[in-house]
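Taken straight from Swiss-Prot:
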type	residues	note
BINDING	Gly38, Tyr39, Ser40, Gly41, Ala42, Gly43, Lys44, Ser45	ATP binding site
DOMAIN	2-241	domain 'ABC transporter'
Amino acid sequence: MIEFRQVSKTFNKKKQKIDALKDVSFTVNRNDIFGVIGYSGAGKSTLVRLVNHLEAASNGQVIVDGHDITNYSDKMMRDIKKDIGMIFQHFNLLNSATVFKNVAMPLILSKKSKTEIKQRVTEMLEFVGLSDKKDQFPEELSGGQKQRVAIARALVTNPKILLCDEATSALDPATTASILTLLKNVNQTFGITIMMITHEMRVIKDICNRVAVMEKGQVVETGTVKEVFSHPKTTIAQNFVSTVIQTEPSTSLIRRLNDEQVGDFKDYKIFVEETQVTQPIINDLIQICGREVKILFSSMSEIQGNTVCYMWLRFNMDQQFDDTAINQYFKEKNIQFEEVH
């Protein structure tokens, strides 16, 4: 649906070249809710501006719904843009217009009939739960209600793609949760592909099925949300995951436990998925290795509706200790594990 092929973007500011994007490649599949996460200045917003051609790539290709738009003119982009809706952090509503007119604006600009406009706007306001607010003005609405108006406006043209640029950053946690639920409903009800730009890993965790992690203009990690949460490969991905899920004990706790430890030991970090959470893993390991297993840390969370568990286990070692059977057990049970040294 959206594909970036070795995309780079360079800006010239005060005779200085700034590389906003460097060799970015990934694909957003049809019906995905795809998250792009990174800190400020990572290149996220530049990336999304390439999709609706507010910026043009310096190198590489941007493919949208089968069209290579990299070198499209504004005229050539008109039909493509009809299939792309967008919502922003600060809503971008017309304060002088009612809720109804804000939502209707794209149809008014497209010179649709009054009958068609009334029918379509009414449908969208009902969908976002604001039918009773149609005659009010933006200043009379809460932040969450303003974003619902923006979502209705983005959907009124029946787009195939919805771009969300930090759409929940200005909202409180409860309102953020309600907006994410609405966006998930948008995806499921209309089959709209959503690309989420955010710096909040909780947004990725709660709504996205796939994610790209960006740092300094580059995509440093991609995968399903479950893959990235279960085994983040890069330091930045690990840092983002740790903001919403504690996946291992603190350094100070490990240091204290190591100081108190008598004899040699081996530690394992394991990731247990929903189908295995109720299994007697610790009991199995005790029987396999014939010794006690210490649980130094355990944390359960929910990712995409699935319960997962992170554990840090410790085995006391002696001359008879053999980790072959333990490793084999983890592999047979499809439990992701890592030996900690």
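Every residue, even glycine, has its Cβ placed from backbone N, Cα and C.
A map of Swiss-Prot features onto the structure.
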residue: Gly38; record: ATP binding site; Cβ neighbours (10 Å): 24
residue: Tyr39; record: ATP binding site; Cβ neighbours (10 Å): 13
residue: Ser40; record: ATP binding site; Cβ neighbours (10 Å): 8
residue: Gly41; record: ATP binding site; Cβ neighbours (10 Å): 13
residue: Ala42; record: ATP binding site; Cβ neighbours (10 Å): 24
residue: Gly43; record: ATP binding site; Cβ neighbours (10 Å): 22
residue: Lys44; record: ATP binding site; Cβ neighbours (10 Å): 25
residue: Ser45; record: ATP binding site; Cβ neighbours (10 Å): 19
For ATP, residues beyond Gly38, Tyr39, Ser40, Gly41, Ala42, Gly43, Lys44, Ser45 with C-beta within 8 angstroms of the site's Cβ centre include exactly His199, Met214
The correct three-state DSSP answer for Ser40 (ATP binding site) is coil
